[in-house]
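All remarks here apply to the structure that follows.
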Amino acid sequence: MFYLKVKYIIFAVGQWLLVQKSEIPLLPLLVCTVGYSLPSMTSIPHHQAAPHTEATSSHNSPNPTDDADTAPKDSVVLPAYSTEDKYEDDPWNLPELQDNGLKWSELDTKGKVMRVLTAIVKFILLVGFLYMFVCSLDVLSSAFQLVGGKAAGDIFQDNAVLSNPVAGLVIGVLVTVLVQSSSTSSSIVVSMVSSGLLEVQSAVPVIMGANIGTSVTNTIVAMMQAGDRNEFRRAFAGATVHDFFNWLSVVILLPLEAATGVLYKLTKIVIDSFNIQGGNNAPDLLNVITDPLTDAIIELDKNVIRDIATGDPAARNKSLIKIWCKTEKITTLVNITVPSAANCTTGSLCWVEGNKTLTQINVTETINLERCNHIFVYANLPDLAVGIILLALSLLILCTCLILIVKLLNSMLKGQVAVVIKKVLNTDFPFPFGWVTGYIAIMVGAGMTFIVQSSSVFTSAITPLVGIGVISLERAYPLTLGSNIGTTTTAILAAMAAPGETLANSLQIALCHFFFNIAGILLWYPIPFTRIPIRLARALGNHTAKYRWFAALYLLLCFFLMPLTILGLSLAGWQTLVGVAVPIVVLAIFIIVVNLMQALAPPTPMLFMTQTDQVNPGESYDLLLMSLVKSTRISVDEGEVDRLKKDFEALRQLRHGLCMCVIQRVNGKDKIFKCL
């Protein structure tokens, strides 16, 4: 029995290395060979058969000696299973989009012309829908700023709270979610630092929070693909891999920064080592194309949020909606009365007329010259009303464009075209240069984000491609990491356009953002084993595909409820935060460890466990929820409904102690083998 267990463990390690696609090709073969070379046992219990077989106990097998009668006495059933069977129905495999139409060689001249014209029209429509998709993201950001922009400015006013690193982090998350733009929240932080209201070291956690908050957009986009479970599985994983990377990086780097100030000190050395001169503004690339449409819908005065954050009392009464697009400032000398000559600015500009002492001061006035041309310029509506209208409009356009883009891509990427595109996007370089492919993908992601000047736009654009299977999750991960780098380069160029007195602080904050993402990539990418965000995103994708309502819960929990809770606890004091957070973290670690142990356990019946609630109630809740919203529910096939109904009945019986069930682990999942 001892040798059997040792053989199984060694062989399982070899299979795990094979599944992990080890970069040392001979290593899995070597480990498996060692497992085969161990002495064999002459017999093994029936329940220790090959993992892919439905092993049973004496309670549920009428004839437990069938295998022994047919197999030779000295044979050994090796604890192995077919990897082909394992991956045969793997939903993470990229689907093959079959072309059911006529082949090109079978078409006549008219058919060939029509196919070419159809392809051209589809491509034009695809570009048009993509353009509308990007513009709707811009309008969505403006809508969020109208709804919550002033509240975001108010959040930044409490400098005592921002001095707490944890509070600064969650404030960065909340503000970025409210304004739907990490660039806006970062510019607010830069303005506060430049005006002396916030120190650079206190601003670093806020920048980390902005990095987290910017990933909410592609998570919302992924929820639009909930109609197909497998597409939703891949799309949601492709979106949340960004979330997990940001959160894991913060978990490691925020305590390190709070304890040592490593990012602050590193960027300070860089700033002091180079004679950095101010340059031009960041170049407008994608904005040149999208601004004509978005500016015709709405234009915002983003200085209002910044002025509120920096404590300007007059900014609170201003509207975020820009009315005058062309203005001119005129400075004139104005006579004013002062109490005495001591209050005069200069002696030459001070004189006495009767009992009054007069002087002159410069007064700058803004003269409005030309109104803007957007559709709300003459609408006498409050910012909140305009924001709600634009929010509904932009979400409608966003959903419509995304659905049409997915349908067009599904119709275009079929047959040989799909094979070529997938091979180009997902194939690694030949051995031993396969590791280079990921780093090239990082550079591509950085370059594309620099072109579109928004990480939200780029990650939201690749999310549906991950969903339909054009881009694999493993390839989307480095593209997302490159997007994080690309958005910081745009911020660096924007910081270099700052005035001389604020250049150093602005550039240092932008460099903190840059080095934070570089450190995160060094933590979670170079070594394949450390690419934990991929595994976490895959697990979350499986869960949300099974219970699609969980996606909305995840969105609310990670971007609203959890940051608000942490903010409240941090305001109560670090003792309260530690007292509440430590038990929760310990419980979370325990749950993760137990789940990992279950996932890595041998796929044999768990007869030694006594279960009181073996059926996962989430499926039953999913069924009940879907039945309550029949008018808006996403398609559920009849077989799945029947299965969920059976599980719901089994759950009811288990909870009332009416039956006991034997659980068997099949392909890493608990299955009800037999109820007694």
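Every residue, even glycine, has its Cβ placed from backbone N, Cα and C.
Your range for transmembrane segment, going by TrEMBL and the list 429-450, 451-472, is 429-450. For the transmembrane segment (506-527), the partner stretch with the most Cβ pairs below 8 Å, chosen from 166-190, 202-224, 384-409, 429-450, is 202-224. Long-range contacts of the transmembrane segment (384-409) within the same chain: residues 122, 125-126, 129-130, 132-133, 135-137, 139-140, 142-147, 221, 224-225, 231, 297-298, 321, 376, 464-465, 467-468, 470, each at least 6 residues beyond the stretch ends and with a Cβ under 8 Å from a Cβ of the stretch.
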